[in-house]
Structure formats: C-alpha cells, structure tokens
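One structure is given below, encoded as structure tokens.
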Amino acid sequence: MEVTSTTFISTTRSSKYLTLTSYSPVILPASTLRRDFLGCCHSLRPSPHLRTRAGKRNSRRSSIRSPRLVVRASIDSGLILIVVAVTAFSAIAFAYCQSTFRKRKSSDEVATVHGGKNSAENRREIHGDIHEGNPVEINVGFRKVEEESVNLLEEEKAHQIHEVAVMDYDSVSAEDSQFAVASVTTVATAHTLIDESFSSSIVNGSVALESATFGVKTPEKQVGNSEDQKGLEHDFSQAVVGIHSIASPQVVDDTRALEYEYNGLLQKPLEYSIFAESKREEIHTFYGSNHSSAKSSRLPSLKAVSPAVTSATNSLFLDHKNNGVIDTQFPGQSSGQATGDVQEENLVAHSNGGVSHIRKDVKGDWKFPSDGKHVGHQIDESMPQFPARNFELHNSNGRSPETSDAYNRLLRDGRIKDCISLLEDLDQRDLLDMDKIYHASFFKACKKQRAVKEAFRFTKLILNPTMSTFNMLMSVCASSQDIEGARGVLRLVQESGMTADCKLYTTLISSCAKSGKVDAMFEVFHQMSNSGVEANLHTFGALIDGCARAGQVAKAFGAYGILRSKNVKPDRVVFNALISACGQSGAVDRAFDVLAEMKAETHPIDPDHISIGALMKACCNAGQVERAKEVYQMIHKYGIRGTPEVYTIAVNSCSKSGDWDFACSIYKDMKEKDVTPDEVFFSALIDVAGHAKMLDEAFGILQDAKSQGIRLGTISYSSLMGACCNAKDWKKALELYEKIKSIKLRPTISTMNALITALCEGNQLPKAMEYLDEIKTLGLKPNTITYSMLMLASERKDDFEVSFKLLSQAKGDGVSPNLIMCRCITSLCKRRFEKACAGGEPVVSFKSGRPQIENKWTSMALMVYRETISGGTVPTTEVVSQVLGCLQLPHDAALRDRLISTLGINISSQKQHNIFPLVDGFGEYDPRAFSLLEEATSLGVLPSVSFNKIPLFFDTTELPKNVAEVYLLTIFKGLKHRLAAGAKIPHINLIISIQEKEIRTPEGEKTIDLTGRVGQEIGALLRRLDIPYHRKDSRLRINGVSLKNWFQPKLDSPFSGGKPGDLRSSQVPLGNQISRQQRSIRLGNLSLE
C-alpha cells in the first residue's frame, strides 16, 4: 500500500492572535500527535517534576510511531507586515549565501540511495526553487555574512524578527526551554490548505521565518574526564543543522555508531538533546541566520544535556565537541550532512544501504571507518531526492570547533608537545585565540610532566600575560626544580613592565629550596626585600623548609628569627619545618624545644601527625629508639588520628631493633582508629618481622594485606624477600621468587639482590651466580650491591677466580669497584702473596737499584685500590693495611745478604743489623708503602703526627698491624731527615693495647697484662731493627739518643785496612760543610761564592 505525505497548514483567528498549524503526514489521528520541537528529534515534555510515569511510558511509545511535524505559532495580527518584510529579507539572504558558495567553487552532489544503488534520474538541484511533492525540508543553520552592509541590515532586523517568530504550544509544553534556529522552510504540496489571509506572504506554497542568531561564548573551557558530565558549556556561535524528512510507510531503527580518528585518538559520536533556560512559559523563540546579531538578551544561558541513546527515533547526532555538527535524521530518509571546517565530503552508496564518509580537514584527517553497520530506509523511487551539500564552518576567528576539541583531547591524553605544536600552527595562520584556551589546565599538565620548555612556549603565545600567568609558570619551574627556568620567569616579569609580587618570589624561593640551593634561596629573599615586597608567612615557611632539606639548622633558625622580628605569627607549618630541620641535623633536644615553643604561644598550637612524624624521624636519626616510642604515645595524648605515613615512621623506628611487639601494637592502633594501611606500611611491618627472625609472621602479614583488598606490588614482595634474607632462609627465598614469577610480577633489582644475598649467606654461591645471569635475562642491570654480595661470598670461600670474573663483569656493566669489592680483592691478594713468600718464591726485584716488590698479587691489589680511590671512595684503615701487607718484604737471610751486596759497603758480621738505616724502607717494606701511607693520611684515613711536640706520642691501639708498622717507620724516616738537618731527636712514646688475663699459679690465681697483637708485632719490629726500647704498662719508650746512634751505624773504613771505624769520622768534612751552609742561610748570606 502506497502512502503519500501531505502537509496541512490551517489558520484560526482569535480576538488578538492568529494561530498557524502545520503537520505532515496525516496518518495518525489528531489525538496521537506528539509535541516535537522544530529541528530536534526529541519531544518537548514538561519538567521532570511535572511528568508522571504514565506520561513517560506514553512518550516512549510515541517515539516509535510514524513521523509527523507540528508547528504552531501565535502571531500578533498587528505584525503581519513585519512577517512579509522578514520573508523578503530571508529570500535576499538566501540568494546571497548561494552566490557566496558559487564563488567558492563548491560543487553540489546528489546522492540518492535506493537499496544500495544510485539513481541518476532522481538527481535534482535546489537553488531556491520550490519542488513539488511530499518531502518536507527543514534546514537550520548559521551562516557567516562577510559584507559589512549586510551585517548592519541584519542587525536592524534582528530585534523585529525576535518578536515575530514566536511559537505557541499547549499548556503542557516544556517550560524554560529555548532553541536556536536559523531558517525554517516549509514546502507544501498541491494538497496544502492555506488561509487566504496569509496567501500574500507565501510564495509557491512556502513560508519562511528567520531570526537573529545567538551564541554563547566560553573563553575558557574546563577540560574534564568524567563520563557522567551533566552540564557542559559549548560554543554554538556557529553551527549547522541539516534536517531532511521524507514520509515513509516504514519506521526502521537506525542508530549508527560512527567512529573517527584524529591524530590517533579514537572518538565516538554522541546523541544528545539541547535545552536552554528561559523565564517565559510556553514561548519558544526561533532565530535566523544573522550571525552579526550576536547574543540575545532573552537567552541567558545554553546548556547541553547528557548524552542519551534515542535509537527509537532513528536520529544520528555527531558530537558537537568533535565535529561541530548536529545532524538530525528523521525516519524515512538518510541523514543530510553538514560539516564544520571541512574541505571535502564524499557520500558513497553501498549495497547494504550504508554510507561511507571520508572527510579531509584543514588541520588533520578525520576518518570515518566503513565497518559500522548502517541500515538505510527504503525510499520510494518516485519521490524526488534532495542533494547533500558541503558546508565550510568556522568560528568568529576563522578556527574550526574541531581544532579546540582536538587540543582538549590531546591535553587530556597528556600529549603536551602535540598541544603546543597545534597552538603554534594556529598562531602562524593567525587563527589562535588564547582567550578560549584554559591556561590553568595546560600549566597543570606541564607541572605533572615537568615540561618547563613547553610551559614557556605556551606563555609566549599569550598576548597579554598577567601576573597569575607568570605565577603558574613559576610553579611549573618549582615542581621541576629548574632554578634557571624560575629566574627566567622573573626576568620575563621585569621585561613585561610588571612588578613581581610576594607569591612569585615565594615560588622562586621554593624552587631553590627543592633544588637544595640554600644560598640562592636567601639571595632571592634579599632581592625581594630590596624590591620593597613584604614577605609573608609562606615566604618564611619556604625559607625554613629549604634549610631543613639541606640540614642547615642554624640558617633555619636564622630565618625563624627574622620572622619573629617582623611580627609575623608562625603557624604549625613553620614549626613543623623547624622540627624537620632539627631532625635532619640530629639536634633532637632542639626539636623538643621547638615543640615546647609551640605550646607556649599565646594561642597554643598542638602538634599534628606531621609534627609527631618529624619528631620520631629526629629520634631515629640520632639512634634514640626509646625516645621515638615516647613520641609515638603523643598520638594518643593529643587525640591524633594520623595517616598511614606517621604509622609507617613509627614502625620503621623499631625495624633495626626488631621490636615485633611494638610494631604489632602500632598495627592494632591503626585498626582501632580506622586508618587504612597502605602497601608501604605493610612493607615496613614485614621488614620488622624479618629483623626479628619471624619469617612466618612476615608471610602472614602478606596474607592479611591481601584479605583487606590491598593491592600488593613490588614493594611488598621486595620487603618479604628482604625478610627471608635477614632470616638467612634461602629456601624460602627461592619459593617466594617462584611465586613472584607465577603471578607474573616483574621483580626489581632490589628483590633480586635480596635473593642473591640470601643464597650467599646460605653458602650457595653457584646458585647465586646462576641468578646473576637471570638478572640480565629479565632486562635488569646488576648494580654495586649485586657484585658486592657475590664478591663477599667468593672471598669467604677464598675463590679468587670467581672474584676476578665478577670484577671483570662489573667493569663491563659500568660498575666501579666500591669499598667492599676492593676489600675482598685486596684480602685475596694478600693471602696469596703471603703464601708465595712462605713458599720461597722470588718476590723482590733490584732492577731499580733498590729493593722493590714485583709480584702479580701485589700488582692486582694496587690496581684495584687505585681504581677505588680514583672513583672518589675513601678507603678504610683495613683496606690500607691489606694493600701495605702486599708491600712487605720477606724476612729471610738470603734477602739480607742481597741487600748488603747491593749497598757495596764492608761491615763486620757482628753488626749486620746496623745496615737497615741505610736501606730505603729500612729493609721491612717496599718504598712505595710510605707514599701510600702519606696519601691515606691526606685523605683523612689516618691521623697525622706532629714533630714539634716533645716527646712524640704515637697511639697504635686502633690501627691494624701493617698500618702501625709502616706508620712507625714513616716517623723514623722523618726523624732521620731532621737529624741530617742538625735537629735534635726527641723521645718517642708508643701506646699499645694491653689485655688483662687471669692465670693459675702454685701460689694461686694472678692477673697479668698481656700485650695485644699489634703491640707484639711492633715489639718484634723494633727487635729486628735492633732499636732499644723500654716498656712500662701500656707504653713503649724509645730514647732519642739511642735512636740517633741507630741512624749512624759504625762501618769498616775503606782506608783502615778493614778495621771498624765510626761513620761520623768519615763524614766530618761533609757534616761541617752542611753546617756552614745552614749558618749562611740563617744569616741571609745567599752569595754563590
């Protein structure tokens, strides 16, 4: 059965108003007619509080019925002439728009879909002509009029049209709703009934009403991520709405989900309805295509309702935020297309009735995939078809709404560089309006990503930046700890002619504080004072916080004194910063003084959880664990609920001591105060259990955290692996590692280090080496801790090959030898060197004319030691002693004879020991040992001895064996040079360690003093050198005269025929000459005669 569509226009007269009613088609009875707003597929219903459930059900049922259109308008009879004028003006405007499109060489294409094929016979062009037939076309759009004369004319007519175009609905029509419509054209057929009174205003069966446009300007658009937004501000200053309606006997549900992509961002269209608030009831104003008449006073606001799915009405809406297009499709006809800022649009018919959209934009490519299924309406081929048109839509500044939407999407995704590139591109084309960009959102994104350069580029795009803009830019620099950037902001402020305010200086001070630049911080403060800007409480808080971060408690209290001198009342934040400064420097008593000062204020300030946490940290840094427990009790005293952070600090305070009971009480307090623990707290609790050797409790804590729904990650499992390491249970550690792999959790290097440490402690070095290779397969990089633990295990097993292999791998991975690695290598080298000496291997060479150690183990020890200290590591006395042990000469008769022959002197066999003062190193150590000891003294490893004190004191109680011996020989070497210069030799007092021990004798138990190991070695050294000494209690005394005689041994004179002589008699002329030279220097006689 074929159904034709008929449009009726009827008029009724009242005493004052004419009522015009138009509807099409007449398929349904009048009682079922729905109140539809012109240009919108949603029904206009009363306010939600006036609707009943029955009404809602009726509206849902009515949404699936056949299409019809009802237009009712109440027009004052006195304004009929104005309607005629409006009609004429609309025709002129329409003709002008058509001529504009022709000048732009825009081609009109006719795309008619008939079951998936194009019909060339049905293509017709519409250029202002009125077509016969049943279709009703309603085109609603805003067009831009460029000529100034037309704009002025349209502005004159805007207010008149505003009063004329009023539609009168029934009393149940929706209250407080206004809509923007550009042009209304009703095309009627020959069956249309027209009132005679309106025949003069209708040309060829058409009635046109136009009014002024309106727009809502939103200079700053808030970027949000919520999917349930109920109110959004939109820019509708220019929009195009194309509505085509063709009667059809069928109603087919057609909700097509279009997806398009811009720069890789997937977007989906939304269906929505638009409502605006109004104080007038049952009056809806229609506006025409006049763009120059900007805003109507009767439309105070425009709001968009949240998206809703309306598949029953078979309408398709493109999201205005994405395309700037509202495309409404009535049942029975494919939707007309209207685009914003689009250069080309092609409609391609498919066999299934679908339409493939391909659009090319100015800025980017918007792609509409053709995989979305679209069920087209079956259209009678006899019906005339209207061609789809291409429109270019721009905002008032020539920028497409799609550009702003693209910027907002990029900003939401955190693509700051793409955002700034887009804005700079618009600026080059003179299309950028920074007033419509929300500045705070961009600076906030830069602050999160520490994008200082992008923030400066954004600021340069702002034509007239304010002090608020510079403050936001300074905040970005402060969060990024970029001092140079912060100073650059200050220069920009000065160059712009503005005076920096207190907030800007405070942010700059905070930036210096976060970077640890205390001097720069105070420099800015003095600059601020010299500029006449008064510092406030936040400024002093930033100063004190910077001093606290650097641990400079004196400067922190200095800033506090300035605060007091300026009569600025400190708050809790300032006091907390002072307590933190005291904690960093270990001044616990000073921190408690600050707490007492808080309570002594005129209005006492009670500590909060930050104060308690800072005090507990101060106690922990000073090693006062018991005092930290007392501070924790203040939480109950002051009724502080606290946060997980302060409870974590309390648990960490008892970690080293392994006080499991106190940690459990803290956990209990958290539960009582309903404080939800986080993963960091559970990790600290597991660490305490590990130090307490309670491994089962540690695993129980992990299960407890899971039962509470805490999402556990690498922090918790690393702490649990550390607990296994502390408990020295390598089997549990392996089980835990397998569990970590089973849950597909990627372990960190700290987790693997704890596993390797547990294996090394369990004497499982081969397995530990296997997991070293597995670290690299996991994509992790071994660090210093990894190689240190492995080297310690190899050193305990005396496996030099493994240690040397690890050292080579460490160098390959870019890990420099640290103190532990150096100590392990030097210890292994010393053992092998001593073994070589004991086995009689030749280790001494006389190639240089003096005795020198030449051995591979000594060379290896010296090499690792040099690499360690060259990296900035300060060695310990133990490491220095091990290296010196590799430079000690062996004590055998063969070496002594070789030394005598090298000297080339004759000595009696009874006085062989007197030759040692004449040998470099005194025959005990390689001469390089003295240089190494002097270097260690310069690094602060060993104390220095002053020769100006008489007698000399040398304490050996805290020194290792080799260090004590070389140190004493170094003193002898210095005294020998002083003796050659004519100085007197002082007495030497050596302090050695003494141990008391009880022994049993026939007379009973007695307590005797035993010399320590170092004292015994020094005594043996003096006896080998034949230096007389006297022991009294813990002191060894060497007489200066005896030492002088030892420096001048008696040798056989080469002129006495082998008789022993005195070395002093043969050296008298040389000694007299040296004395004369010294006397001449003292008298100032420097002549060369």
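Cβ coordinates are placed from backbone N, Cα and C, and glycine is handled just like the others.
Averaged across the repeat 'PPR 1' (466-500), pLDDT for the predicted model comes to 88. Look at Swiss-Prot and you will find 466-500 tagged as repeat 'PPR 1'.
Look at Swiss-Prot and you will find 501-535 tagged as repeat 'PPR 2'.
Non-local neighbours of the repeat 'PPR 3' (536-570) in the same chain are 502, 505-506, 509-510, 512-514, 516-518, 521-522, 525, 528, 577-578, 580-582, 584-585, 587, 590; each lies 6+ residues outside the stretch with a CB under 8 Å from one of its CB atoms. As annotated by Swiss-Prot, repeat 'PPR 3' applies to 536-570.
Residues annotated as repeat 'PPR 4' in Swiss-Prot: 571-605. Within the chain carrying the repeat 'PPR 4' (571-605), a Cβ under 8 angstroms from the stretch's Cβ atoms is held by residues 537, 540-541, 544-545, 547-553, 556-557, 560, 563, 611, 614-615, 617-619, 621-622, 624, 627, all 6 or more beyond its ends.
The repeat 'PPR 5' feature in Swiss-Prot is assigned to 608-642. For the repeat 'PPR 5' (608-642), same-chain residues at least 6 beyond its ends with a Cβ under 8 Å from one of its own Cβ atoms are 572, 575-576, 579-580, 582-584, 586-588, 591-592, 595, 598, 649-650, 652-654, 656-657, 659, 662, 666, 669, 673, 675.
Annotation source Swiss-Prot lists repeat 'PPR 6' at 643-677.
The repeat 'PPR 7' annotation in Swiss-Prot covers 678-712.
Counting only same-chain residues 6+ beyond the ends of the repeat 'PPR 8' (713-747), those with a CB under 8 A from a CB of the stretch are 679-680, 682-684, 686-687, 689-691, 693, 695, 698-699, 702, 705, 754-755, 757-759, 761-762, 764, 778, 780. The repeat 'PPR 8' annotation in Swiss-Prot covers 713-747.
Note on the repeat 'PPR 9' (748-782): residues 714, 717-718, 721-722, 724-725, 728-731, 733-734, 737, 740, 789-790, 792-794, 797, 799, 802, 809-810, 813, 815 of its chain, located 6 or more positions outside it, place their CB under 8 angstroms from a CB of the stretch. According to Swiss-Prot, the repeat 'PPR 9' annotation covers 748-782.
Residues 749, 752-753, 756-757, 760, 763, 765, 768-769, 772, 775, 824-825, 827-829, 831-832, 864, 867-868, 871 of the same chain lie 6+ residues outside the repeat 'PPR 10' (783-817) yet bring a C-beta within less than 8 angstroms of a C-beta in it. Residues or ranges marked as repeat 'PPR 10' in Swiss-Prot: 783-817.
What Swiss-Prot lists as transit peptide is 1-72, and the listing cites sequence analysis.
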**Q.** Tally of DSSP helical, extended and coil residues in the repeat 'PPR 5' (608-642)
**A.** 25 helix, 0 strand, 10 coil
Q: Tally the residues of the repeat 'PPR 6' (643-677) by DSSP class, grouping H, G and I as helix, E and B as strand, and everything else as coil.
A: 23 helix, 0 strand, 12 coil
Q.
Counting only residues 6 or more past its boundaries, what in the same chain has a CB within less than 8 Å of a CB in the repeat 'PPR 6' (643-677)?
A. 609-610, 612-613, 616-617, 619-620, 625, 628-629, 632, 635-636, 684-685, 687-689, 691-694, 697, 705, 708, 710
Q | Same-chain residue ranges lying at least 6 outside the repeat 'PPR 1' (466-500) that approach it to Cβ under 8 Å | A | 439-440, 443, 446-447, 450-452, 455-456, 459, 507-508, 510-512, 514-515, 517, 520, 528, 531, 533
(Q) Please list the DSSP helix, strand and coil residue counts for the repeat 'PPR 3' (536-570). (A) 27 helix, 0 strand, 8 coil
Q | Surrounding residues of the repeat 'PPR 2' (501-535) on its own chain - C-beta under 8 Å, 6+ positions past either end | A | 467, 470-471, 474-475, 477-479, 481-483, 486-487, 489-490, 493, 542-543, 545-547, 549-550, 552, 555, 566, 568
